[in-house]
Amino acid sequence: MAQHTVYFPDAFLTQMREAMPSTLSFDDFLAACQRPLRRSIRVNTLKTSVADFLQLTAPYGWTLTPIPWCEEGFWIERDSEDALPLGSTAEHLSGLFYIQEASSMLPVAALFADGNAPQRVMDVAAAPGSKTTQIAARMNNKGAILANEFSASRVKVLHANISRCGISNVALTHFDGRVFGAAVPEMFDAILLDAPCSGEGVVRKDPDALKNWSPESNQEIAATQRELIDSAFHALRLGGTLVYSTCTLNREENEAVCLWLKETYHDAVEFLPLGDLFPGANKALTEDGFLHVFPQIYDCEGFFVARLRKTQAIPVLPAPKYKVGNFPFSPVKDREAGQIRQAAASVGLNWDENLRLWQRDKELWLFPVGIEALIGKVRFSRLGIKLAETHNKGYRWQHEAVIALASPDNVNAFELTPQEAEEWYRGRDVYPQAAPVADDVLVTFQHQPIGLAKRIGSRLKNSYPRELVRDGKLFTGNA
């Protein structure tokens, strides 16, 4: 790989020399930072198995190297530099994989280590969604996830990724993460706080990441991180697991934040060592059992991960003063819910007891049951999946529900050719050589549901959402 020139402030280099353990070479650190980052992907096991994915992509000649801490994660090498962007491949468009940096797969691995099986999880700083979607896959779309994002502009991206991956057990919120300790005390079995940080570990992806770096900025960020971890710890139930992570390298934003929590709450905080998380984890292990990943250790981004358990109750914070407002949804009555379920099944949409029907005016929604305890405590940006809109002639089934709930083996499923699938993703109607029989057609490609179409004569009317329509070169190679 070609080198690229990374900007390093002198004070940063001094700080890294002091922070780096004697077992590591500082020259190796500098050399690793100058190398471009290896690309990596994670197979979405909600949609396919790793074995089936490897078989499906074998003809492409990709070199996929397993990532030690994530069974479904791979570093990827491709022959041609001007190859089709990974985001334009059919497998990415249908949600079979997520483009995710290898080290960012570590926090979720830590969250579910040692057989941990949480039922209600919070991702405090969730956008763009790599870790939320990874958590959902580990939970197999069961239970419930509260995915919060403080930046309003990033909530839309977060939802798009959740929808593409076929995830149904997520509620989205748009809050400052510091409110949750007071708003939802002891409500979560597990919490991931991938904290906003100075980003010192991302220089391999962004050589100018340290242009605005300063020790003073680190201190300001660490102060915010302490407030965030304090809030998260209050929101964690007794016996629950909290994972704290950053993509930065200084001790102040990493070890010091965790040690501050321990000093504040003493025996209520138990550090859970991560030395056995994966083979070779001991290379990054600190004396407190955290993983401080310098980029030269595993040839990835710099990263920090700590796992802790709440072993004692702590004083409750004062209740928040904000008003949530009236919840605009109401549960669908059992009889009507049965009729809706039957109609949905006729077009290939099915769901289990983890989801419950709610309605708002003419909209029908499916909410994860595990999130209902939070209604009235927080204001949601989006909850579960929108199933349908009702109209005089029945139901207008929603694209996100098709991606999350449809079975490609349903009687109305119709497999498109690559050229037809590409037309579908471009938002155009499809004219198959042999028209399907059903009026409501479950459109599939590579045996994956990619939408629902109305058959009008020999034409399949495109219902692909306008905001998702793709231009340019796609997987058949035609622009």
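Positions of Cβ are set from backbone N, Cα and C atoms, glycine also.
What Swiss-Prot records for Cys247 is active site, nucleophile. Take the CB of Cys247 (active site, nucleophile) and look out to 10 A: across all protein chains shown you find 24 other CB atoms.
Just so you know, the Cβ of Asp176 (S-adenosyl-L-methionine binding site) picks up 12 other Cβ atoms within 10 Å once every protein chain is counted. Taken from Swiss-Prot, the feature S-adenosyl-L-methionine binding site applies to Ala125, Ala126, Ala127, Pro128, Gly129, Ser130, Lys131, Glu149, Asp176, Asp194.
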By the count of other Cβ atoms within 10 Å, pick out the sparsest of the binding-site residues Ala125, Ala127. Ala125
If the S-adenosyl-L-methionine binders are Ala125, Ala126, Ala127, Pro128, Gly129, Ser130, Lys131, Glu149, Asp176, Asp194 per the record, what's the largest distance between their Cα atoms, in Å? 20
Euclidean distance between Cα atoms of Cys247 (active site, nucleophile) and Asp176 (S-adenosyl-L-methionine binding site), Å: 20
Neighbour count (Cβ, 10 Å) for Lys131 (S-adenosyl-L-methionine binding site): 25
